[in-house]
Amino acid sequence: MDTFPKEFHRRTRCDSAENMSRVLRMKDPRLADQRATSFLSSTSGDLSRNRVDGIPAMCSQFLNTQSAVQAGPNDMSTEQKELTQTPLLKIWVPGMGSSLGQRRGSSRPQFTNCPTMIVMVGLPARGKTYISKKLTRYLNWIGVPTQVFNLGQYRREVVQTYKNYEFFRPDNEDAMKIRRACASSALKDIANYFTKEQGQVAVFDATNTTRERRGVIISFAKERGYKVFFIESVCDDPEIIEANIMQVKLSSPDYENYDKEEALVDFLKRIDCYKLSYVPLDEEKDRHLSFIKIFNVGSRYLVNRVQDHIQSRIVYYLMNIHVTPRSIYLSRHGESELNLLGRIGGDSGLSSQGLKYAKALAEFIRGQSIKDLKVWTSHMKRTIQTAEALGVPYEQWKALNEIDAGVCEEMMYEEIQATHPEEFALRDQDKYRYRYPKGESYEDLVHRLEPVIMELERQENVLVICHQAVMRCLLAYFLDKSADDLPYLKCPLHTVLKLTPLAYGCKVESFYLNIQAVNTHRDRPTNVNIARKTEEALQTVPEHQ
């Protein structure tokens with residue numbers, strides 16, 4: 001008798017029952033209802049005993065799922081069904097009044113899964129905004145909802161015409177009132193972001209150079225049950241400071257009506273104003289706080305009292321990034337034999353056109369004259385064959401393997417629609433979170449690729465020869481694309497993308513190497529209903545042999 005696989009692709013026990021029915025129905029429709037109903041009976045007792053917020057909704061979903069399973073597959077085929085592979089919602093609710101445990105060495109109770117405020121600290125032109133934006137991009141990419149709150153933007157909304165550095169003098173009482181009001185508005189927006197928009201991390205991008213300001217932030221967070229993690233950027237290297245001022249600060253909206261020399265003089269005086277009241281985080285006086293101090297853009301670090309998993313990941317990420325100029329080249333493998341046939345996945349070799357591309361790629365890379373280039377491939381035959389033509393050493397990463405299509409490996413889209421139309425529609429409903437039966441989702445792939453991103457951040461010039469889904473994930477990280485857009489990014493065969501990280505973004509250059517190949521990109525479909533007609537389901541499937 002067939003046995004049900006141990007790994008379900010649902011996120012709650014309620015969802016697992018429907019998934020069991022779905023997977024078993026592919027094997028033997030007679031097993032589906034019997035196994036799923038048995039599973040539901042065994043879990044109903046556990047669900048009924050839970051009384052915390054959110055469980056009643058789960059039980060309602062459970063009962064609906066049970067009814068659907070008992071009705072049988074034919075009764076569901078004509079209904080529009082919501083995708084059940086939804087992301088877990090956090091269950092932190094402010095002011096629940098529950099009894100909270102205290103962290104060792106802490107005088108106040110805390111939730112384990114409460115929101116986190118990242119508070120930047122440091123003089124102007126020390127890279128705080130660069131760190132804020134880069135960290136936010138990373139956290140959003142790994143699935144942690146994060147937003148930057150830049151105090152300079154709040155100030156510019158209130159004071160629309162910037163005059164000069166005197167606004168930032170600590171003895172300018174009128175200006176100080178405006179600056180305090182702007183900080184208060186930003187903190188209120190952070191609270192709204194956590195409570196109304198389900199945010200998990202807020203980055204407060206400001207100088208926060210005084211103990212008074214940091215004390216206000218700590219009190220604000222303590223009253224609401226937020227965690228606070230400080231990131232202080234300390235820099236005393238004149239060359240780094242000057243480069244940051246010239247590259248970024250002089251193009252600020254504050255200086256749009258200044259010439260460069262005047263802007264430079266004014267900005268340096270602004271820094272001097274902040275120095276008058278700047279009190280850095282102190283290893284002894286602030287030992288009760290959680291923070292990381294970054295010295296001269298990563299030459300040295302000081303880490304103190306990391307509280308949880310998120311803060312650990314933030315520290316790890318910050319200790320891997322650098323600002324050395326470099327380029328990252330992304331390329332898919334050459335056209336494969338299965339690409340020609342319109343089949344997904346598999347481990348086939350290159351087609352004749354794919355072999356031509358491998359040679360063209362080698363010529364292109366030689367023409368770029370890249371210093372100390374590293375080449376990475378997956379463990380799959382088609383990327384290795386593409387790299388072999390380069391005639392240089394290359395490193396194989398299993399993490400770079402193509403997304404696992406599970407039971408749909410080496411199938412055409414037409415075959416998936418014919419044999420598993422429900423699966424085909426479910427994937428179209430939420431392509432990022434949908435997981436192939438016995439396979440992977442794009443969300444899984446992002447987590448698999450996190451070590452690759454960390455290593456790319458540490459490296460200088462790298463050529464990554466990979467696959468369509470993998471390239472989409474990497475590109476989404478560097479271009480700050482949402483989870484909804486990620487699975488539909490265009491990454492055509494026989495095209496090289498050159499990514500050059502900049503201060504607040506990434507420059508992208510595309511090079512088509514003039515070797516024809518099949519189109520493997522499937523556009524986002526308009527009709528994702530399970531009851532759609534076959535021609536509607538296949539409307540965006542690219543042509544193939």
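Placed from the backbone N, Cα and C atoms, the Cβ positions cover glycine too.
Annotated substrate binding in TrEMBL involves ARG332, HIS333, GLY334, GLU335, SER336, GLU337, LEU338, ASN339 plus, out of the candidates ARG287, ARG300, ARG366, ARG382, the residue ARG382. A gap of 6 Å separates the Cα atoms of HIS333 (active site, tele-phosphohistidine intermediate) and ARG382 (substrate binding site).
When the record's substrate-binding residues ARG332, HIS333, GLY334, GLU335, SER336, GLU337, LEU338, ASN339, ARG382 are compared pairwise by CA position, the greatest distance found is 14 Å. Cβ-based neighbour count (10 Å, all protein chains) for LEU338 (substrate binding site) stands at 21. Other than ARG332, HIS333, GLY334, GLU335, SER336, GLU337, LEU338, ASN339, ARG382, the residues of this chain whose Cβ falls within 8 Å of the Cβ centroid of the substrate site are, in sequence order, SER348, GLY349, LEU350, SER351, GLY354, LEU493.
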